[in-house]
Amino acid sequence: MSEKVLFIDRDGTLISEPLDNFQVDSFDKLEFKQDVISSLITLKKFNYKFVMVTNQDGLGSKNFPYKSFIRPHEFMIDVFLSQGIKFEEVLICPHELKSGCQCRKPNLGMVQHWLLNDMLDKQHSCVIGDRKTDMILANNMGILGIRYGTKQGNSWSDIVFKLTKKHDRHAKVVRNTKETNVSIEVWLDKQGGSLINTGLNMFNHMLDQIAVHSCIRMKIISSGDICVDDHHTVEDVGIVLGKAILKALGNKLGINRFGFALPMDDSSSYCLLDISGRPFLKFRSYFKHQYIGDMSSEMVRHFFQSLAFAMKCTLHLRSMGINDHHRLESLFKVFGKTLKQAIVVSGKNLPSSKGLL
């Protein structure tokens, strides 16, 4: 599962860089940059992870003893931790420029493992630093670079604004089992351009109703044992779609949380949705036939149950009517319309008196 990661320089970006010897080798030289802690706390709420990447010229040499470095460094880490800021890794190159090593920024040696196996969400990750070498590193990694610096670059407040002002609520979740391979991406703030292929034509059509009526974009690719039946495919797509929506919602700050809808055709359906963090499904719908197209009618309830529990939401669904196709379609339409209401960001705070969803 790819992650949104900020690769952050240390000296000159997180803390001040001493002008005498460019070494933070004593406690009296340790000075945090303005707004850095509050900014990282905010960025954490937007599901960013942090990796510290720093060149420490000659670390461990007579001119820069490791003991002088590690004490203020560990104190700095402890201060960040006390505020809930955790660095997934602290990557340090101890070599001087003349060594020609491959780990020194802007070379990729220290970060190479982050570029493997889709670990990194490149569209939403970036390098933050005060030097040109940090921007070259970003280019070498194929991600955004943001130059920090109160004079020629951005302040921490500027950086937060840039990374959150057009926050694209996007997520990708992959689930591979011996029965199915399911990959789902969702964009909660983009509309149209959905791609859905589950191997089941009716199921594809129903999932498209969710995308269209919730005004979100979905890319759903699934392959599996539909030669046996549709059970595992429908179930696993429900699980992965629920997880993807939940992940894309992020910290849920400002969302409406609740939604309800009651559309009418020759079939009527209603849906009540609460993105509550408490999974529950109440489902009432009956079908005359075992199959609707190539989809088992008994799997309709199971799909919404799988989705609700993976999304950690409370979901009530009911449909009435004569035609099985219309009743089925109305359930997916009404869920899409209800989801659209619930995921809209209309405020800034978490919509919960408990402070937790």
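Yeah, the Cβs are placed from backbone N, Cα and C, and that goes for glycine too.
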_Among Asp121, Asp130, Asp158, which residue does Swiss-Prot annotate as binding Mg(2+) at the site that also has Asp9, Asp11?_
Asp130
_Excluding near sequence neighbours, so keeping only residues 6 or more apart in the same chain, what lies with its CB under 8 A of Cys101 (Zn(2+) binding site)?_
Cys93, His95, Asn107, Gly109
_Residues near Asp9 (Mg(2+) binding site) in space but at least six apart in sequence (CB under 8 A)_ = Met52, Val53, Thr54, Lys105, Val127, Ile128, Gly129, Asp130, Arg131, Asp134, Tyr148
*Name the residues of the same chain, 6+ apart in sequence, whose Cβ is under 8 Å from the Cβ of Asp11 (Mg(2+) binding site)?*
Glu17, Phe22, Val24, Thr54
*Would you mind listing, in sequence order, the residues at least six apart from Cys103 (Zn(2+) binding site) in the same chain with a Cβ closer than 8 Å to its Cβ?*
Cys93, His95, Gly109, Met110
*asked:* Taking 10 A as the limit, how many CB atoms besides its own sit near the CB of His95 (Zn(2+) binding site)?
replied: 19
